[in-house]
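Take a look at the structure set out below.
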Amino acid sequence: MGPIGKLKLGQNPMATATIAAVVILMNFIVIASAADVPKLEIFPSQKVQRKAVGQAMILTCRPNVPSPNLVADLQWKDNMNNTILPKPTGRNPPMFTEYMTGTESLALIINHLSVEMEGKYYCTASYATNEILETSVTVKTYVGITWTNAPENQNPILGEDYVVRCEVKADPNPTIDWLRDGDQIRTGEKYVVETNGLLIRNVQESDDGIYTCRAAVLETGELVERTIRVEVYSRPAITYLPTTLEATEGKPFSANCTATGKPVPEIFWIKDATQQNVATADRFQVNPLTGVLNINSVTQDDYGTYTCIAKNDAGVVDQKTKLNVLITPSIHFLYNVTGDSQKEIALTCRAKGRPAPEITFSRWGSDDEYAAGVQVDDERITLEQHFDEEKGESSGTLRIARAQRSDDGLYQCKARNTGGTAYATGHITVQFPPDFSHMKDLPPVFSWEERKVNLTCLAMSIPNATIEWRWNGKPLKDLNDKNLQIVGTGPRSDLIVHPVARQYYSVYKCVATNILGTSQIDIQLKEARVPEPVPAAEPKQLTATSITFDIRSPPVEFGMPITAFTVQYKEAINPDWSTAMNRSWSPDSPYIVEGLKPQTMYHFRFAARNQVGLGMWGVNTQQSTPKRSAPEEPKPLHSPVQNDIEEPVVVSPYSDHFELRWSVPADNGEPIDFYQVKYCPGVKMAGTWHELENQCQSVEVADSTSYEMSRLAGNTYYRIELRAHNIIGFSSPASVIMKTTRGIDVIQMAERQVLSSASIVGIAVGGVLLLLFIVDLLCCVTINMGVMASMCRRTKRSPSEIDEEAKLGRDEKQPLQTPTESIKQNSTVEFDGKFVHSRSGEIIGKNSAV
């Protein structure tokens, strides 16, 4: 072999590089040729697909060929080598194929994977009519973690051992561990981790909580947690039930059986004699939560032994009690009685019960009972009582001698023993002859202008009376007068009179009769007239624009009162009353005529009105209004409290302010333009008021009838003067003494020492200069600029530099001058108690420390 053949590759770098290039080129050729080989690809690309039983899965087969349009007969075959068909319309088989939209891929869809579906699946196709393409994927199944006995809510019993159940199955088998509050539970004295759950020894209420059962399959990496809420229950215990109970026959009854436990126990009552749950019986109601037993009406058959049972999910407990039944009184005899006045009447009541009940009486609506024997306050009335203990019967008789109309009414019989009280009501009717005493003081009946009128006659009597009407001594029923109509014959009767002539204005007699007697009453029908003229009307108060009159009423008939007073008024220069002004008042109102002209003479005339109409005009008088003047004195709207010997005082509910209110006075011809309020603090010494004049305040109030005085001193007297003003002048003052309340104690804060303005300005200027110095020093050190830097450079200048500066002239090297305007500009220095503030502008002085 020649020298070249003997040369090793490692000894010839050129040859090595050549061989490497050849290898890389060959790989590219192989890859390129492989890319051109037609084939099928399955996604996901793993050859073995591991899925849990019951899950859904999809496998996609896609051709990887140079010419996809030459692919035909693309299909999937199952683990039995059967072709999987596409999904039929309207059906959803467990396994089917379908083309993916927008791709050339064929999907195999399994809705619910089962163990039988495990195996190898093939995807096949033909390419270019003569080449068969095929690929496969293996599907492996496993059983996922399934909870078989792991309730999410479990309830152990207090004081007992309990296994928190958590049973699970999986293939491969899972491992189980437990957690509480995120911490793993290990076997110890309290807990034992078992195959079927977690054992808790001696369960306590502190074991309440959330436990986590965690199952893991290491081969598949599956990890599932189960949250279990553990709530500790306790067995029921009866805490209250008397050994004996006592009920009253015919009365409602209630008994209580209370029990504790968790959850709250349900309570039952059982009657031992019949073993019946009384909740299902008539007349019985049981509240299963509170244990309350209610009997609507106890009978003798309810006697016996009862068992109270308390039951919950933790257990059952019972306890017995005995029910005794008492017999309450029952009234079996009480009849209404009727008797004549001035004769004896007896009301008897009989009752049964054990023990024999005591019987008493009382008037209906009164709690006062009649005592046995003769009554102290009315010797006419006697209560007789009789008892028969052997038979359990008793009776009571209420005797009334010389009965009166006031004895008529309802009486209540009460039969009482230790078992209770029975009630019954009877009526005593006292018969009496007709009586018209209730009509003695009635006014006459009036009519006018032939108006029909109703005369009513009502007779009080027992039995009811029969009524007859008479006129001029003759029975009306015999007259057959169409203007006199009788409605009713007793005990009420109405006579309708149509007074078409004066003869009907007369006296009519009503006669009432029953078996005990007769009574009669006269009813007068009068013709009503308008009131008499007003006898007098005197001016009581004059202003420039109003007059208040004092009107004397004319005499009136009983039953025809005055309903209004009317005035007509006109200026004296006006002779025509038809153009006069009118005003009416009710009889109980002030008689004020307003809107008059000042310094004007007026004529007035007055009349009274009743139901008939307006009477004649009377007291034609004239009165002149005074000239325009200052307003009348305003009236403060405050109720004083008489706590001062000399004069009343108004007390303000506040210590620092008071709202003064007043009514609008008469303006006396000129409108009021404002009110003047003056108030001064003061004191009384030796009965004399002393005002502090230097503290008086005066304000003018327009368009208001109130003013709030503020910034007042607490526990202080103030004299307030209120005057009204118009263009003519002030009214006389209305005076009010007002006292403020004490209010709360005010804590006086010690005044802090405040620096003078000169000191503040000095501190401010010094601080600014110090700040400028520090800034200049920093500029000199860091960037070699500033005043200090220029001074340092000046000390190091050469003579030539000094000469050059001299040539520039002295004016350019003068220090920078402040403009004259800035020197004259005002500035303000303010101190707010914490900081000094300086600003340009006018010196105001607000908050200034100067």
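The backbone N, Cα and C atoms fix where each Cβ goes, glycine too.
According to TrEMBL, the features are:
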COMPBIAS  805-814  compositional bias 'Basic and acidic residues'
COMPBIAS  815-829  compositional bias 'Polar residues'
DOMAIN    38-140  domain 'Ig-like'
DOMAIN    159-229  domain 'Ig-like'
DOMAIN    236-324  domain 'Ig-like'
DOMAIN    329-429  domain 'Ig-like'
DOMAIN    434-524  domain 'Ig-like'
DOMAIN    530-628  domain 'Fibronectin type-III'
DOMAIN    644-744  domain 'Fibronectin type-III'
REGION    620-641  region 'Disordered'
REGION    799-829  region 'Disordered'
TRANSMEM  760-787  transmembrane segment
For the domain 'Ig-like' (159-229), the candidate among 38-140, 236-324, 329-429, 434-524, 530-628 having the most Cβ pairs under 8 Å is 38-140
With the cut-off at Cβ under 8 Å and a gap of six or more residues from its ends, the chain residues touching the region 'Disordered' (620-641) are 537, 539, 542-545, 547, 572, 596-605, 648-651, 660-670, 672, 675, 720, 722-726, 728-734, 736-737
The mean pLDDT across the domain 'Fibronectin type-III' (530-628) is 92
Counted with DSSP (H/G/I as helix, E/B as strand, rest coil), the domain 'Ig-like' (434-524) has 9 helix, 48 strand, 34 coil
Checked against DSSP, the composition of the region 'Disordered' (620-641) is 0 helix, 8 strand, 14 coil
Counted with DSSP (H/G/I as helix, E/B as strand, rest coil), the domain 'Ig-like' (159-229) has 3 helix, 43 strand, 25 coil
Its residues classified by DSSP, the domain 'Ig-like' (236-324) shows 6 helix, 55 strand, 28 coil
The DSSP breakdown of the domain 'Fibronectin type-III' (644-744) into helix, strand and coil residues is 3 helix, 50 strand, 48 coil
